[in-house]
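Undergrad: First the structure, which I've put down as structure tokens, then a few questions once you've had a look.
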2 protein chains.
Amino acid sequence: MSHPHPELGLPPTLPDGALRVVALGGLGEVGRNMAVLEYAGRLLVIDCGVLFPEDHQPGVDLILPDFDYIRDRLDDIEAIVLTHGHEDHIGAVPYLLRLRRDIPLVGSQLTLAFVEAKLKEHRIQPVTLAVREGQTEQLGAFECEFVAVNHSIPDALAVAVRTGAGTVLHTGDFKMDQLPLDGRITDLRAFARLGEQGVDLFMVDSTNAEVPGFVAQERGIGPVLDSVFADSAKRIIVASFASHVHRVQQVLDAAAAHGRRVALVGRSMVRNMAIASDLGYLNVPEGVLIDLKGVDQLPDDEVVLMCTGSQGEPMAALSRIANNDHKVSVGPGDTVILASSLIPGNENAVFRVINGLTRLGARVVHSGNAKVHVSGHASAGELLYCYNILKPRNVMPVHGEVRHLVANAALAVQTGVPADRVVLAEDGVVVDLVDGRASVVGAVPCGYVYVDGSSVGGITEAELKDRRILGDEGFISIFAVVSSADGKVLAGPQIHARGFAEQDEIFEDILPELTRALEESAAQGATDTHQLQQVMRRVVGRWVSNRLRRRPMIIPVVVEA
Amino acid sequence: MSHPHPELGLPPTLPDGALRVVALGGLGEVGRNMAVLEYAGRLLVIDCGVLFPEDHQPGVDLILPDFDYIRDRLDDIEAIVLTHGHEDHIGAVPYLLRLRRDIPLVGSQLTLAFVEAKLKEHRIQPVTLAVREGQTEQLGAFECEFVAVNHSIPDALAVAVRTGAGTVLHTGDFKMDQLPLDGRITDLRAFARLGEQGVDLFMVDSTNAEVPGFVAQERGIGPVLDSVFADSAKRIIVASFASHVHRVQQVLDAAAAHGRRVALVGRSMVRNMAIASDLGYLNVPEGVLIDLKGVDQLPDDEVVLMCTGSQGEPMAALSRIANNDHKVSVGPGDTVILASSLIPGNENAVFRVINGLTRLGARVVHSGNAKVHVSGHASAGELLYCYNILKPRNVMPVHGEVRHLVANAALAVQTGVPADRVVLAEDGVVVDLVDGRASVVGAVPCGYVYVDGSSVGGITEAELKDRRILGDEGFISIFAVVSSADGKVLAGPQIHARGFAEQDEIFEDILPELTRALEESAAQGATDTHQLQQVMRRVVGRWVSNRLRRRPMIIPVVVEA
């Protein structure tokens, strides 16, 4: 368990009447968002999401928030408030509910529908409480008022949490599109009222704090889609996020306007859009949606395929289409639209897809050459509005890497929040609100919890280092049977290597020296297998380093017989 | 050896009086640029660079052009023309000269100085011919006229190659900054003259063909550096490419203007700038350069550190400074400037560095928040100028991924080059210029040649797949000694696993079943070790897949005794 802040000691016990905030994820990374509020011995969890691994975390499926801090206090949790239905806010809920199944989930209708669909796959039937904007619920020690915010998924909520220690406003993820498709804007009126009443701690989305100005309007994408559809003579394939209901809505509308039918491709796309249209968040124009099987019966210029894989995920539909190994094929005259962002780290994968589609003859439209995507997170200009409307007493930037948190803190200070009232905290840092002042009082251990196959939390940095060595350098296993009587080598030594450029034969060069070394050290009285294994490791390690200029993992095994 | 174009057969023999062009790298990727021209049985090589590996090529040091096409014709090579001194144009020269040491290297003074410094490390003393813009040299069957072009390294050249089959103009890498620091502009007058005389094949840099408009001027960075220097109270660290002489020049000038001294950090930075100033390409203001050891004697506000590592390379100075494990330390009040591009694929590494520096308290200025970098490659607007001035008879876009080549081809067609005179070719595709018309006539095998430790070309896709499996899934080795007499297990089975989340003990669960399976199949007459090894692989493979949900590499070894 890593302790990210050795300079910070463990926190003192929480003073009576004070509020404690600890983020177990999302502060120092984009993902696995989770905040724990404590008041009067009770806990409130805000969001519980996953983080997706980077290349230096090979073989890892998912990364979870570190639950250790609350593992012994599960019964103190009043509820988990879910601000919206994105994976980085709900994805870890099944893993937390495994620890205690009956923690109530509180969120909007769509958010709960998405998390329930996910929990079904984990065979968990949750306790839920659906809430709407403007609604106030007393969740044990925490009075929660829910506020509408606009984001890249419908039905997102901010939450104002009132306690005896003061009021916390947590934005969740949000932006301030003033003309959103569903007319549901971020409720600045409520922000103003809360500000008048007094917001003691403002926890605010930092993702785009480095980006100057304002996010363009989602509805601005409609006309762009329209013009791309207008000069597309054959098939159109659109890739986007499977939860981006409004983006899909605009694709459906463009298709209807141009006499095309739309087939949804990809399990999550099909599932989420079914939920969204059942609940009335997606309005499907009469007869526009068709089954993928029906596509081949239609002329190319009447087809739109709406699929996942906009980040170049190798198993997703779009990557397989680009590699020509999907039942949907792409060719000259077809148009592919990547109506999505390019998440940092995915560039190589996405450009591989774009090159593959281009090689097949398709025209590829993406955010790099057309306005087919807008961000879901408030830019600096929007954040300034929030600070000025709220005038919060204390600010704690959340949701972002260090560079984002620091940029967001600077914006708060520019609007007049005293610098010593702006709390820069990373995962595990303990922030107490005492007598209306927020400050860092310590830190708790907070590491990365890796999900890998059937294991949750089993993988440590040590195993990841092993994997990086295995992947970069390969491995050599050496096996020998020695006589317990006289230390003579009865069988072997055998060498097996993987991940090497050289032919296996090359490793036979070292066998005679290896046998000699084993029998010499046996003659010198080295009998226990551990010593002999060290001998084999040393001999082969030196040889492979000099001869092949590599440092593989070496596994020596000596068996006595 | 992979054949990227199965639909294309091997090319016919080259007709008398015709010219053949084959790119062995750089067409379909950004890097390892190398073109081979053939006329009258003789060959001319233009550039010979390296490509840097991506994450799906673990452990690979470098990727070379595929020399197989010329391996049996080394004596036909008249010369290697090097257009400029970047790694992706000169980096593979040592590997080609290993095949034939006396191939003449032809290039500008600075280009040859850079390649000679590199060859020294490989203990190769090359045969060289230094040329200047405006100069014409008869290189065997090829008359080469060299033309000044402007790029992100000084002394870059385009080359016009005249043969009996016609004239080829190869731009190398270039852009068209109209007010470059050294006043040495891309010679559009020469382009115009060549166009009047007739350019039969225009081989043109595609890197920025997707980017609309024009590249900003390098000198525009000076005032930005100036203002950043002006409000920096403590140390300034600038990171950029070690070959970007003009960028370093502007840092030196800004330092001099603000009374700061500059220490160069990083072996390649020190070496290249020594070469550049010796040859007069870098003008070092009196007394500005100091040794790194001298830095600690100076007050922070008189120090600039000019270092490498702008792409987040983990071993480079900047990454180690960001991780706090370099003799140079960074703290609050210090300013770090990343005066470089962000090469796709490096985002995670670069942002890790930015976050690390930000966490240490430094202000980080980069191309994302200030104009501290401009590209070295012509954008679409500049390319249109070239096409209109040259009016080439045939066009072959070079240097770029498929998306770049296709975008460049579209620009050519927009300026009036007939679409059937624009040749889209990838690595290995054979383009013949016959009777003034260029067309694809076939393809030759052209794969990726991986340099890995001491091995050149030994690594194949198979080993890379092994490494990816090892890195993602880990491995299990199983050993057993069985009696050749009765097939009883005399020692083992032993299991050794790496890269797993689970404790080693878990693997003991399968040992009894393994022993049983071995002795049963021995009883059923399976005596040869190969069969028994398959039994072990099957038993363990099934168990690990069901129990741990993983598919590791499994190495079973059975020895008879």
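Placed from the backbone N, Cα and C atoms, the Cβ positions cover glycine too.
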Undergrad: Quick check: of A:ASP427, A:ASP432, A:ASP435, A:ASP452, which does TrEMBL put in the same Ca(2+) site as A:GLY59, A:ASP61?
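TA: Only hit among A:ASP427, A:ASP432, A:ASP435, A:ASP452 in TrEMBL's Ca(2+) site, alongside A:GLY59, A:ASP61: A:ASP452.
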Undergrad: Tally every other Cβ atom lying within 10 Å of the Cβ atom of A:ASP173 (Zn(2+) binding site).
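TA: Total other Cβ atoms inside 10 Å, all chains included: 25.
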Undergrad: I need the CA-to-CA distance for A:ASP61 (Ca(2+) binding site) versus A:ASP88 (Zn(2+) binding site), whole Å please.
TA: 14
Undergrad: Of all the binding-site residues given, A:ALA242, A:VAL374, which residue's CB has the most CB neighbours within 10 A?
TA: A:ALA242
Undergrad: Cβ neighbours within 10 Å, counted over all protein chains: which one of the binding-site residues A:HIS86, A:HIS151, A:HIS244, A:HIS373, A:HIS399 has the most?
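TA: Going through A:HIS86, A:HIS151, A:HIS244, A:HIS373, A:HIS399 one by one, the largest Cβ count within 10 Å is at A:HIS399.
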Undergrad: In whole Å, note down how far the CA of A:HIS89 (Zn(2+) binding site) lies from the CA of A:ALA242 (substrate binding site).
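TA: The separation of the Cα atoms works out to 15 Å.
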Undergrad: Give me the CA-CA distance between A:VAL374 (substrate binding site) and A:HIS151 (Zn(2+) binding site), in Å, as a whole number.
TA: 11
Undergrad: Just checking the recorded positions A:ASP205, A:SER243, A:HIS373, A:HIS377: which sit within 10 A of A:ASP173 (Zn(2+) binding site), CA to CA?
TA: A:ASP205, A:HIS377
Undergrad: Hey, how far is A:SER375 (substrate binding site) from A:HIS151 (Zn(2+) binding site), Cα to Cα, in Å?
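TA: Rounded to a whole number, the Cα-Cα distance is 9 Å.
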Undergrad: Which residue, of the binding-site residues A:HIS84, A:HIS89, A:HIS377, has its CB surrounded by the fewest other CB atoms within 10 A?
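TA: Candidates: the binding-site residues A:HIS84, A:HIS89, A:HIS377. Fewest Cβ atoms within 10 Å: A:HIS377.
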Undergrad: Under 8 Å Cβ-Cβ to chain B, which of the binding-site residues A:GLY59, A:HIS84, A:ASP173, A:HIS377, A:ASP452?
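TA: Sorted by position along the sequence, the hits are A:GLY59, A:ASP452.
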